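Listed in TrEMBL for this protein:
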- 21-40: transmembrane segment (TRANSMEM)
- 23-448: domain 'Major facilitator superfamily (MFS) profile' (DOMAIN)
- 63-84: transmembrane segment (TRANSMEM)
- 91-110: transmembrane segment (TRANSMEM)
- 116-137: transmembrane segment (TRANSMEM)
- 181-202: transmembrane segment (TRANSMEM)
- 228-248: region 'Disordered' (REGION)
- 266-291: transmembrane segment (TRANSMEM)
- 303-325: transmembrane segment (TRANSMEM)
- 332-353: transmembrane segment (TRANSMEM)
- 359-378: transmembrane segment (TRANSMEM)
- 390-412: transmembrane segment (TRANSMEM)
- 424-448: transmembrane segment (TRANSMEM)
- 453-542: region 'Disordered' (REGION)
- 468-478: compositional bias 'Acidic residues' (COMPBIAS)
- 486-495: compositional bias 'Polar residues' (COMPBIAS)
- 503-513: compositional bias 'Basic and acidic residues' (COMPBIAS)
């Protein structure tokens with residue numbers, strides 16, 4: 001198998017994650033994208049009162065703007081997966097940044113609430129979705145050993161941007177009105193295009209290395225070594241022609257890989273995440289109104305969300321560092337289960353909080369547990385399905401989560417209106433989160449551990465849980481052993497090249513038939529005697 005040739009429509013072989021270098025720039029871009037994606041739908045709520053006055057609508061009508069944004073962020077997951085698999089991450093993110101910005105700019109010229117739904121809701125939400133998912137995919141390709149830390153740092157963008165965009169929106173509203181604020185917000189969203197531009201495909205670096213190896217080989221062949229030099233070049237050309245004649249067209253990459261549903265770990269994760277989302281977002285949504293009903297002043301009630309956001313900023317990177325430890329990372333799914341259990345028990349234990357001190361304590365523990373869940377959710381998914389199938393997996397998971405987002409918080413709001421009791425809602429939300437934690441932990445232990453006892457089939461890519469770099473190194477060692485077994489044919493090829501001065505045509509056919517004497521093992525094998533640099537092989541290590 002030769003080096004991937006873009007002109008022949010072949011897919012580039014995966015490259016080992018560098019765990020640094022340009023990856024830190026990619027991490028910064030992912031930090032910004034995550035901040036905009038999660039914080040922007042909440043930050044636009046500062047404009048709702050002005051929109052209610054201008055369009056003569058109620059609060060529930062304006063709240064649909066944020067709901068539509070979140071629905072587009074979650075519900076368009078499969079569409080994003082298809083576009084990423086077809087066109088790559090960078091073009092999709094550039095288009096997404098333009099759509100997000102155009103949506104807010106057009107929203108500043110709207111004359112009714114329906115136009116706001118279509119511009120600020122649908123168009124901006126779709127643009128942010130086209131940025132959010134590819135940024136996580138690129139983060140997974142650039143980081144392997146440090147991936148838990150990278151995911152934790154990227155997830156910290158959500159609380160940082162939420163604490164920044166909300167005050168900024170209030171300032172813009174007071175100075176320029178809601179139309180001017182929407183226009184400036186649209187300009188800020190153009191930074192998503194900058195973040196998309198830095199998402200350099202990892203295989204570009206590999207192509208440069210392969211080009212350097214090619215140049216070194218050609219320079220070596222140009223040295224005067226008598227008559228063998230010319231015949232070696234002609235023989236190599238014959239080998240290239242033979243390879244091209246025998247090369248078969250490769251199958252293109254699937255637009256949406258549904259084979260991940262055969263992965264039991266993915267099924268367990270998806271079910272657990274659906275149950276989790278039903279109750280995870282309910283407490284922070286109802287917290288302010290709950291505090292006001294208990295007699296807490298408005299300013300102090302609003303400060304409770306700031307406490308959660310401040311704790312969340314530090315909890316996510318810290319949890320990412322813990323998840324990256326050698327003795328923790330193989331069991332990251334159980335750490336995720338513990339974080340969900342911690343969050344659910346916090347909701348249940350704080351349901352009877354009746355004073356401001358109790359609510360502050362609740363916010364501290366909720367911020368820690370919420371940050372742990374946010375830092376680990378995508379790391380666990382990457383560990384289960386691997387980076388090669390992550391683009392399809394995250395799209396399908398977000399689509400399933402979209403239904404839970406549309407069911408959980410609205411249902412909680414209706415129960416509050418019917419029962420006039422927040423305590424029951426906190427018990428219900430906490431029970432759902434605890435149920436998801438128990439399901440993930442027990443199902444992972446029973447199903448996945450039982451599957452590990454069975455002997456794994458040969459040539460079966462890892463479903464996750466380990467380091468992709470370590471697997472690649474083991475593949476290289478196997479390839480070297482296999483190439484040593486085929487060392488004798490390589491020497492016979494060299495002898496044939498010496499005799500080639502008398503029978504050039506016969507040697508050319510022999511070289512084409514034997515593949516140039518190059519070892520045909522798996523792994524990354526450097527070119528040996530009689531093998532040109534185009535015959536380097538790199539195995540899919542994921």
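Numbering starts at 1 and runs along the chain as it is shown here.
Placement of Cβ uses the backbone N, Cα and C atoms for every residue, glycine included.
Counting C-beta pairs under 8 angstroms (sequence separation of 6 or more), the transmembrane segment (181-202) fails to reach the transmembrane segment (266-291), with fewer than 3 such pairs.
The average pLDDT for the domain 'Major facilitator superfamily (MFS) profile' (23-448) in the predicted structure is 83.
Distant neighbours of the transmembrane segment (91-110): 33, 36, 80, 83-84, 116, 119-120, 122-131, 134-135, 179-180, 182-183, 185-187, 189-197, 199; these residues of the same chain sit at least 6 beyond its ends, with a Cβ under 8 Å from one of its Cβ atoms.
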